[in-house]
Amino acid sequence: MPAIMTMLADHAARQLLDFSQKLDINLLDNVVNCLYHGEGAQQRMAQEVLTHLKEHPDAWTRVDTILEFSQNMNTKYYGLQILENVIKTRWKILPRNQCEGIKKYVVGLIIKTSSDPTCVEKEKVYIGKLNMILVQILKQEWPKHWPTFISDIVGASRTSESLCQNNMVILKLLSEEVFDFSSGQITQVKAKHLKDSMCNEFSQIFQLCQFVMENSQNAPLVHATLETLLRFLNWIPLGYIFETKLISTLIYKFLNVPMFRNVSLKCLTEIAGVSVSQYEEQFETLFTLTMMQLKQMLPLNTNIRLAYSNGKDDEQNFIQNLSLFLCTFLKEHGQLLEKRLNLREALMEALHYMLLVSEVEETEIFKICLEYWNHLAAELYRESPFSTSASPLLSGSQHFDIPPRRQLYLTVLSKVRLLMVSRMAKPEEVLVVENDQGEVVREFMKDTDSINLYKNMRETLVYLTHLDYVDTEIIMTKKLQNQVNGTEWSWKNLNTLCWAIGSISGAMHEEDEKRFLVTVIKDLLGLCEQKRGKDNKAIIASNIMYIVGQYPRFLRAHWKFLKTVVNKLFEFMHETHDGVQDMACDTFIKIAQKCRRHFVQVQVGEVMPFIDEILNNINTIICDLQPQQVHTFYEAVGYMIGAQTDQTVQEHLIEKYMLLPNQVWDSIIQQATKNVDILKDPETVKQLGSILKTNVRACKAVGHPFVIQLGRIYLDMLNVYKCLSENISAAIQANGEMVTKQPLIRSMRTVKRETLKLISGWVSRSNDPQMVAENFVPPLLDAVLIDYQRNVPAAREPEVLSTMAIIVNKLGGHITAEIPQIFDAVFECTLNMINKDFEEYPEHRTNFFLLLQAVNSHCFPAFLAIPPAQFKLVLDSIIWAFKHTMRNVADTGLQILFTLLQNVAQEEAAAQSFYQTYFCDILQHIFSVVTDTSHTAGLTMHASILAYMFNLVEEGKISTPLNPGSPVSNQMFIQDYVANLLKSAFPHLQDAQVKLFVTGLFSLNQDIPAFKEHLRDFLVQIKEFAGEDTSDLFLEERETALRQAQEEKHKLQMSVPGILNPHEIPEEMCD
């Protein structure tokens, strides 16, 4: 069978592509089937045939046959793809009679298929695709070649309800294409013309919608009309909304009909979102009428949370749409309702609904409600941030300090507080969670959705606390009592309460915060003693740790408490339940960062600073921790030591602090001095890696003073580096590159990497560049550069490049003299690893360009000093970078190029020869990425670079002729150069299009956003053949706009003395 199929495919390939014979529709159906249901070689063959056929310039002439005679739906879809392709790219070069023919054919087909209601249901997808084809034709034809389209479609709609229903879909699609998705699909000018045409002819469409809504008994048609209307509401002239019966029709006629209520409510939401001041009365009517209908459909005493969980999809959607309506209306027009006493009751009912909907257990709906509560609380707080004297709720309603708007929302806000406390999302810091099976485990994946929800809830609760902190405290204290007495005890309830308590840190006055926190922590510690079972203890422990980590201000002010908390964390470091140790270390590091000074001072009632106690017992504290937890612990203690300002004391602390790792290090180094083979022992190498990781984390926290420890191990460490490098090279020579995957070799590479990390980490935090350059850099270069150059590519450490980049960034001019040596060792050999493709060695790739960027930014003179051949390589590598498909590399490449151009411009001597050699080349390469669709993400940067380059030409900064031997000015030459470049790349463009594009590159080079849109317009144009008729590109109109931009720019320049060259100033201004 496969053999026959392959023969068939081969034969088919020839036959289907032979346009001199009639199309064999059965054969085409077979090939399409083969594409969807075949496999391997035959599927590939089918793919190839169909692609060739689709790309054939005459393929569209076969579409009618395909649509009429094919029995296979997929073949029909394929036929429509061919048609869509020709409409989008070659329409302008088809003879007019053929365009008319295609148009008539498509319209006829749509009318035929959509006039029959049973057909409409059965062939929904097919009609959908046909509609899209018609809209693509409209974007080319209307209004110029089809001025009567709107009246045609409106007229046809009155002949048949089924046809009318489909026409509504076409109008909806057209609206979306023109108003919602036009950016990057059609040029700005054309989009504007289409929008104007739609607005101008909207009255006919609106009458049709009204006619259907008032007269039709056909439910699917009415639904389609409402859906279409929904798409129109965000752009139609406002008179159609507010000066017709539209609002009352939507509310009275459709809102309470189950089939239409969702789309009607969406329409009302869209209208509610309009912000204009002149239609206040209409907004009031919209609100009161909607609320009246709502109360009938969903009485105020409904338990919406329950109704939602038992509801069908349609009912659940209604509740979601209700939340959107209320949120939109209250945000936009809430203050209007507050001002009218007769609307107060309706406002309170709306808020009541919002509270009920906020209890629904569906995150998406809660997020919508939260957006409103956040808006309201923030607005009330910002109106008078400092009027939170006592508790408004407790002091009775007649409290004169309270701003009147707050008074109005008092009781509602108290309910929102309770809601926030009961539903608080999980913060990022909490690692101990209950999983879906009800087990308490460590969380490994961060849930970004939940983190964002937490941030929004936290912000809202902080505002609510500012508005009335006593009420917040009462709610929280009562809920905590119910945890302790067991009436509300559950992991979930305890979690949400503690997360809420942690989230309002800083929102209370310090005295209130102190009183409140002492109660909270005491109760939680009591709960920890009272509850049995490891899971219970783990949950309570995680909550205690989260809360104490959130209140550094309180801890700083209460030493006894801080000490108790830290000792409790040390206790938790021995608790082996999943996640507890991790969280203890994480909380410890947060507290160490925020309270660092308090650990190095002698506190009242203490005989020594607490740091000494920690260092004396360090062995006991960390004995149950895993290696990575030990590293975190070391970093935390490092922050404390970094806070000691007395250098002698600090040095003594660092020695004591690094005692354990140094003992192990010294013994390994001693053994290695006697017998170097110890450095091939897996356990020893692993130990070295762990010790260095400890040093890396310690150095990160201590900063520059760590030099005393680094100096102690520096030369031994570099010797170990060299020795391990030799071991790795020997292993590769003996056993090939595969050996780099072996555990021992990987451990050796870890030691090398951590060595580089330690050095670069310290350099980036050091504060004496000269000392670093003289004492630390020479032995480092000696150990790593030659080793890097000599190694096989697979064994080169990418960290060598990043370390060099960090050193250059930090030391700047102090290292310029070493750049040639660094470049000799790493530049060419790395370039050869990454210039074969865009994928291999991703880390080397990224770091290589970071190094280039560092040299370019901080040691630019070194670039000018390297030989021309090497400089050309540098430039080639930058061009290679911005052509990358890896986004970070491409971005770095563009960044380097932009900085390079700006640096060159500062160097008068070198600049002109640079321009002469490279300017046109760079332009050409930038245009090649601008017009490559896989690089659209870099468009802003492309625009900035091109604008800068065209500006250099225009302002005469390039004095050397870019085209030696030609008498024309550089500006004229570049205009021709770019025009010819684009004409040869896109021969289908008309001269007028290219000329206008090039003009814009000069006119808009001071206005980056406009320049970027100009590029985007050009990208739209290169996708299609324009033919002779370029009228729908509106070139004259665009030309006028560009001329105005040029004049504006000139005016601006004239207003700043000295910006314009004296020879560019008009005569009358010279006197």
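Glycine residues also receive a Cβ, built from the backbone N, Cα and C atoms like all the rest.
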Position flagged as phosphotyrosine [Swiss-Prot], chosen from Tyr279, Tyr308, Tyr454: Tyr454
Candidate annotated in Swiss-Prot as phosphothreonine, out of Thr363, Thr448, Thr740, Thr846: Thr448
Candidate annotated in Swiss-Prot as phosphoserine, out of Ser384, Ser966: Ser966
Cα proximity to Tyr454 (phosphotyrosine), best match among modified residues Lys446, Thr448, Lys693, Ser966: Thr448
Under 8 Å by Cβ from Ser450 (phosphoserine), counting only residues of that chain that are 6 or more apart: Ala425, Lys426
Lys446 (N6-acetyllysine) CB neighbourhood, other CB atoms within 10 A: 10
Long-range environment of the repeat 'HEAT 7' (775-813) - Cβ separation under 8 angstroms, sequence gap at least 6: 714-715, 718-719, 721-722, 725, 728-729, 732, 737, 740, 749, 752-753, 756-757, 759-760, 763-764, 766, 769, 819, 821-822, 824-826, 829-830, 833, 841, 843-844, 846-848, 850-851, 853-855, 857-859
Around the Cβ of Thr448 (phosphothreonine), the count of other Cβ atoms that are within 10 Å: 9
Residues in the repeat 'HEAT 2' (241-277) grouped by DSSP into helix, strand and remaining coil: 26 helix, 0 strand, 11 coil
Per-residue Cβ crowding (10 Å cut-off), top of modified residues Lys693, Ser966: Lys693
Nearest of the modified residues (Lys446, Thr448, Ser966) to Lys693 (N6-acetyllysine) - Cα to Cα: Lys446
Tertiary contacts of the repeat 'HEAT 8' (885-916) (same chain, 6+ residues out, Cβ under 8 Å): 838, 842, 845-846, 849-850, 852-853, 856-857, 860, 863-864, 878-879, 922, 929, 934-935, 937-938, 941-942, 944-945, 948-949, 952, 957-962, 964
For Ser966 (phosphoserine): DSSP state (helix, strand, coil): coil
The repeat 'HEAT 9' (917-954): DSSP-derived helix, strand, coil residue counts: 36 helix, 0 strand, 2 coil
